[in-house]
């Protein structure tokens with residue numbers, strides 16, 4: 001077996017210059033593509049398909065005076081048609097969907113894609129990966145790229161990330177040199193994320209309330225207000241209470257509901273066109289937009305805030321890309337969603353052309369254009385479609401919170417995976433109840449579509465503006481296109497979206513303040529958490545001790561080595577953390593095998609199992625001290641503690657067996673020691689050079705229950721044993737087993753016997769490797785202890801009032817009310833040792 005090649009943790013490697021993975025870009029069979037297109041109708045397009053419920057009502061809400069002509073109605077229809085054509089169809093379907101990050105979409109996907117092509121990440125490695133080691137997130141290749149890298153001796157080409165000259169190189173240098181631009185990039189990503197979270201509050205409110213508003217046509221003028229709000233609140237409470245079951249349990253209902261709704265509104269649209277105004281197609285000419293603005297002037301411009309609601313849910317096409325593929329989403333939109341929505345809006349306009357003189361403004365809504373005989377069935381379908389659309393937005397909000405948590409930009413929360421097959425289907429209890437309370441408060445507080453529409457519109461258009469800005473950088477940095485093409489993209493789509501943004505922002509006092517306040521609150525939480533995490537990580541970097549300090553402990557303090565494996569979690573990938581030095585100086589003892597574990601969440605969706613573990617040795621071989629860096633993408637699922645322990649021990653065993661350890665020892669011995677200063681930095685640098693990627697699955701560890709009377713190793717293996725353990729060869733897999741324990745004089749709990757199963761074709765390990773593996777097995781049998789740091793972050797004396805407020809109160813409050821790390825939740829309390837320490841930052 002070929003030993004893993006030592007790698008530099010900072011060696012960049014991009015899977016694809018466009019950010020997509022090869023597995024996602026493989027052409028799927030047509031049957032599977034059509035199946036995904038069918039499923040996407042229920043997951044992606046629920047919100048977009050329910051927009052006809054409230055667009056016309058929001059557009060004509062007091063901003064446009066009704067007249068006897070049809071110019072206003074045709075002008076609104078023209079704006080709706082061209083907005084749907086240019087933004088969802090042209091921008092998202094044709095352009096943005098191609099900018100996936102290993103098959104994943106969304107605001108953070110664009111941000112991580114840009115950070116991988118330019119060293120612009122500001123996230124700390126322990127909480128988010130990439131901050132201290134730019135390019136660390138780029139080490140992960142797909143299977144094809146990994147084989148190619150192995151064939152080239154792991155000399156990874158920089159063309160994927162550093163490729164492209166001229167404009168791309170200039171923009172990259174600009175981003176890498178100026179921290180201000182890197183902060184602006186991160187703030188853009190966070191603003192887009194906060195607005196998506198705000199949309200998760202507003203979309204369920206406006207969708208459900210607009211669906212329930214159909215009751216107003218069958219009631220008296222003022223009575224419907226006393227019925228709509230309680231029914232809408234009841235539906236919303238039921239919606240959020242059902243979230244813990246997961247979307248997969250009712251997923252088979254989603255697509256049929258949305259398809260039924262789309263067919264329903266398209267047939268109603270065709271009926272209204274034929275019956276009321278067959279010439280309504282004239283509004284498809286852009287000339288009617290000019291006539292509309294010329295006649296209505298300021299009122300028409302303000303009505304754009306309601307018109308833009310026709311594209312709510314467009315961002316879901318990109319955000320939910322990870323569950324489908326590009327072609328399936330494109331087919332579903334172009335063949336089903338887009339034609340149905342155009343027919344629905346044309347049908348409403350055709351009806352209003354013959355009924356534009358209406359006394360009551362609320363009768364401008366969708367249900368007035370529905371024939372009276374089918375109004376109640378349509379109302380029921382609309383409520384179900386609104387629930388489906390809200391479900392998709394809420395699930396998207398959960399996914400966005402999970403990404404922010406994985407990247408160190410949001411306090412840790414409980415994440416429950418509701419599906420064994422689809423890892424993207426998650427449930428976050430705390431966020432779910434917060435969304436429900438905010439949604440109910442907004443519904444009860446506003447009680448009308450106008451204010452809800454103003455609030456939702458501003459959230460939607462802000463996310464689209466952020467996507468346009470980030471996409472213009474992707475075109476240059478990742479796709480290596482002309483900078484003029486990027487300028488054309490941002491000018492064309494940015495002008496359209498800026499026009500709608502200004503129309504929404506002008507209604508700040510009429511509901512548009514809600515997404516701004518929500519975004520400000522979530523942004524403050526993210527920035528405070530990010531700031532505190534950065535300061536904590538910087539303290540670790542500044543106060544870490546050198547490896548030479550650890551090697552010189554025994555003669556100075558009389559360090560005692562006890563049986564077992566000591567697992568020390570640290571956010572550093574080099575050096576010794578201050579928390580361990582604090583522990584050892586107060587209790588001079590640690591385990592016979594010591595592993596410094598660094599879990600890094602990197603800003604890419606998935607890390608392949610073959611590249612998850614990075615293992616190295618600290619100090620001489622006799623010390624039995626290792627470092628293991630475990631890397632997770634923001635969509636990866638963390639395994640439970642037992643499975644993780646096995647994989648961790650197996651990765652160390654494979655490091656010892658494969659020859660990587662011997663190569664590391666040879667490299668260490670060949671390096672001249674620096675005795676003239678700077679020894680700590682040199683040692684840490686040498687250690688990083690000795691880290692090796694260890695593919696999982698090469699060595700399997702088997703644990704068997706063995707009591708006091710367990711048989712000897714020779715009896716168990718059935719072959720000749722030597723020394724403290726024995727091995728079994730032959731045609732099958734080779735095994736290295738630990739000896740049985742001598743029966744103690746007192747009755748003790750049964751202990752597990754550990755054995756490593758080596759690959760069948762692997763050569764027989766030499767005596768030194770067998771001895772090291774034997775000691776690892778003995779330590780595993782004795783048990784594993786988890787040494788966790790419990791740090792208290794405080795502002796330094798003499799700090800400014802603002803820093804003391806942020807660190808001592810805000811960050812401390814978030815830390816105390818957030819969940820511990822995932823690895824700390826599943827660790828048995830009997831095996832945990834917490835070390836407290838105060839960090840003065």
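Glycine is treated like the rest: Cβ placed from N, Cα and C.
Because TrEMBL annotations are produced automatically, they should be read as predictions rather than curated entries.
Just so it is clear, the model here is predicted, and its values are computed rather than measured.
Residues or ranges marked as compositional bias 'Low complexity' by TrEMBL: 1-15.
Look at TrEMBL and you will find 1-25 (among others) tagged as region 'Disordered'.
Residues annotated as domain 'K+ potassium transporter integral membrane' in TrEMBL: 36-550.
Counting only same-chain residues 6+ beyond the ends of the transmembrane segment (73-90), those with a CB under 8 A from a CB of the stretch are 48, 55-56, 59-60, 280, 282-289, 291-293, 295-296, 300, 303-304, 307-308, 310-311, 314, 317, 333-334, 338, 341-342, 345-346, 349, 352-353, 356, 464, 493, 496-497, 500. Residues or ranges marked as transmembrane segment in TrEMBL: 73-90 (among others).
With a cut-off of 8 Å between Cβ atoms, the residues of this chain six or more beyond the transmembrane segment (180-198) that come close are 106-108, 110-111, 114, 120-123, 174, 315, 319, 396-397, 400-401, 403-404, 409, 459-460, 462-463, 466-467, 469-470, 473, 514-515, 518-519, 522-523, 526-527. As annotated by TrEMBL, transmembrane segment applies to 180-198 (among others).
Per TrEMBL, the feature transmembrane segment maps to 252-274 (among others).
According to TrEMBL, the feature transmembrane segment maps to 299-319 (among others).
Listed as Cβ neighbours of the transmembrane segment (331-353) (distance under 8 Å, sequence separation of 6 or more from its ends, same chain) are residues 33-34, 37-38, 40-41, 44-45, 48-49, 51-52, 55-56, 70, 73-74, 76-77, 80-81, 84, 88-89, 93, 259, 262-263, 265-266, 268-273, 275-278, 280-281, 283, 310, 317, 364, 366, 368-369. Here TrEMBL flags 331-353 (among others) as transmembrane segment.
If you look up TrEMBL, you'll see 374-394 (among others) marked as transmembrane segment.
The transmembrane segment feature in TrEMBL is assigned to 426-446 (among others).
The annotation transmembrane segment is assigned in TrEMBL to 458-477 (among others). Listed as Cβ neighbours of the transmembrane segment (458-477) (distance under 8 Å, sequence separation of 6 or more from its ends, same chain) are residues 19, 87, 91, 95-96, 99, 107, 110-111, 113-114, 117-118, 164, 167-168, 171-172, 185, 188-189, 191-192, 195-196, 198-199, 202, 305, 308-309, 311-312, 314-315, 318, 483, 485-487, 489-490, 493-494, 497-498, 500-501, 504-505, 507, 512, 515-516, 519.
Proximity of distant same-chain residues to the transmembrane segment (483-501), defined by a Cβ-Cβ separation under 8 Å and at least 6 residues beyond the stretch ends, is recorded for 83, 86-87, 91, 95, 166-167, 171, 304-305, 307-308, 457-458, 461-462, 464-465, 468-469, 471-473, 475-476. Annotation source TrEMBL lists transmembrane segment at 483-501 (among others).
For 513-532 (among others), the entry in TrEMBL reads transmembrane segment.
The domain 'K+ potassium transporter C-terminal' annotation in TrEMBL covers 564-839.
Taken from TrEMBL, the feature region 'Disordered' covers 670-744 (among others).
Feature annotation from TrEMBL assigns compositional bias 'Gly residues' to 718-733.
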